[in-house]
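Everything on this sheet refers to the single structure shown next.
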């Protein structure tokens with residue numbers, strides 16, 4: 001919406017004048033009949049969800065979010081979502097059991113787990129024995145059948161059922177309240193009370209319990225994620241649960257592990273909390289060959305069985321002997337490269353020697369042009385006698401060809417002076433000429449030797465030969 005323009009222009013002439021007072025308007029309320037016909041829009045949030053979905057890396061994952069229906073998990077169960085999680089909820093939120101970590105539970109264990117008397121809590125036993133209280137009257141779950149059979153028995157079964165029901169109700173209550181709670185104290189207390197029950201009733205209760213567990217496992221309905229065989233192999237064993245399987249059951253489990261490997265190429269092992277793992281399980285795990293970043297080569301689906309699994313699969317990476325061999329080959333290649341990449345041979349300069357020279361010295365020759373000295377080249381200075389008893393000054397370049405940089409006769413009137421630290425200055429007509437246009441013009445030449453002693457010696461010889 002555009003701003004309102006100024007009604008009065010402010011200038012240097014009217015800046016001290018007071019503005020006219022404006023009348024303040026009032027709002028008038030519409031009648032109810034008019035308001036009924038109006039469409040009143042209210043602000044609403046576009047994405048209405050749980051508070052846990054507002055942020056975080058796992059905000060899209062809703063498998064552990066507890067809906068307001070009470071005790072039902074949307075991530076498990078049938079597709080309709082009407083069946084509760086088996087073994088964790090009985091359809092009723094029981095709030096009679098206080099938390100394990102409370103001081104009252106530590107002082108009086110009977111309050112947390114119910115009465116530990118021989119008869120047990122009748123309310124919990126009735127709820128467990130009745131399959132209709134498990135949340136689904138038409139399809140009772142296998143855990144309900146197992147608990148009902150466990151409850152119908154001697155006093156050991158009743159106390160064990162009461163203990164399990166109390167643990168289940170406590171877990172369901174507190175997990176629904178806070179899914180991030182720590183359940184470690186539960187199993188420690190469960191271990192303690194289970195040991196007390198077993199001390200009271202001895203081995204008779206354990207033997208009957210193992211038989212009832214076996215019957216319950218046989219009558220268990222198929223699960224949504226796999227067969228009953230996989231569930232039987234991946235059962236949870238808590239620390240302190242001293243149930244002993246019969247030899248026949250051990251033989252059945254061993255034969256199943258040998259003949260029916262897991263669909264993903266590894267032997268399935270049971271989850272053990274605080275209990276020693278059977279050596280047969282470790283042996284079966286160690287017998288599986290390590291494939292190392294490579295999948296099974298058999299033509300099998302994701303959840304199917306692989307017929308070629310027993311064959312060892314070769315790793316895509318080389319082993320240690322191959323690595324050693326590769327290192328040897330690379331060493332040989334490196335040696336060949338080093339031989340090929342040697343430094344290029346240095347150019348050997350064969351100096352052209354003047355046999356009849358009585359004086360030879362390495363020097364650098366300069367010539368003067370435009371009031372500055374320019375380098376002519378590096379070579380060897382030779383002083384040679386001639387037939388007419390004169391001295392020839394010859395400077396050859398240090399190359400294989402031995403190009404002549406300067407070749408003149410020392411005349412008697414040639415200027416020769418000592419300059420600088422190791423320089424000798426002469427004036428002559430250069431041959432070969434420096435400037436072809438002015439070939440007969442004298443040019444100042446500068447001869448630089450290595451040391452000052454060499455310069456003094458050369459200057460002395462030149463003066464002697466010039467005078468001669």
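We number each residue from 1, going along the chain as drawn.
Glycine residues also receive a Cβ, built from the backbone N, Cα and C atoms like all the rest.
Among the features that Swiss-Prot reports, compositional bias 'Basic and acidic residues' is placed at 1-16 (among others).
Positions annotated as compositional bias 'Low complexity' by Swiss-Prot: 137-148.
The annotation compositional bias 'Basic and acidic residues' is assigned in Swiss-Prot to 241-260 (among others).
If you look up Swiss-Prot, you'll see 304-317 marked as compositional bias 'Polar residues'.
Residues or ranges marked as domain 'RanBD1' in Swiss-Prot: 335-468.
According to Swiss-Prot, the feature N6-acetyllysine maps to 8 (among others). Look at residue 8 (N6-acetyllysine): DSSP puts it in coil.
Sequence annotations record features per position, and here Swiss-Prot assigns phosphoserine to 52 (among others).
Residues annotated as N6-acetyllysine in Swiss-Prot, with a large-scale study or a structure entry given as evidence: 83 (among others).
Under the heading N6-acetyllysine, Swiss-Prot lists 127 (among others), citing similarity to another entry as support.
What Swiss-Prot records for 208 (among others) is phosphoserine, and it gives a large-scale study or a structure entry as the kind of evidence.
Annotation source Swiss-Prot lists phosphoserine at 221 (among others).
Taken from Swiss-Prot, the feature phosphoserine applies to 234 (among others), supported by similarity to another entry.
The phosphothreonine feature in Swiss-Prot is assigned to 246 (among others).
The phosphothreonine annotation in Swiss-Prot covers 259 (among others) and is backed by a large-scale study or a structure entry.
The phosphoserine annotation in Swiss-Prot covers 270 (among others).
The feature phosphoserine is assigned by Swiss-Prot to 296 (among others), with a large-scale study or a structure entry given as support.
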Requested in this report: Residue list, the compositional bias 'Basic and acidic residues' (1-16) vs rest of chain: Cβ under 8 Å, 6 or more residues beyond ends.
Outcome: none
Query - Residue pair residue 8 (N6-acetyllysine), residue 450 (N6-acetyllysine) - Cα distance, angstrom, rounded - result: 97
Report task. For residue 8 (N6-acetyllysine), just count the other CB atoms lying within 10 A of its CB, please. Result -> 9
**Report entry** For the region 'Binding to CDKN1B' (144-206), mean pLDDT (0 to 100)
**Finding:** 78
**Report entry** DSSP-derived helix, strand and coil totals, residue by residue, for the domain 'RanBD1' (335-468)
**Finding:** 22 helix, 54 strand, 58 coil
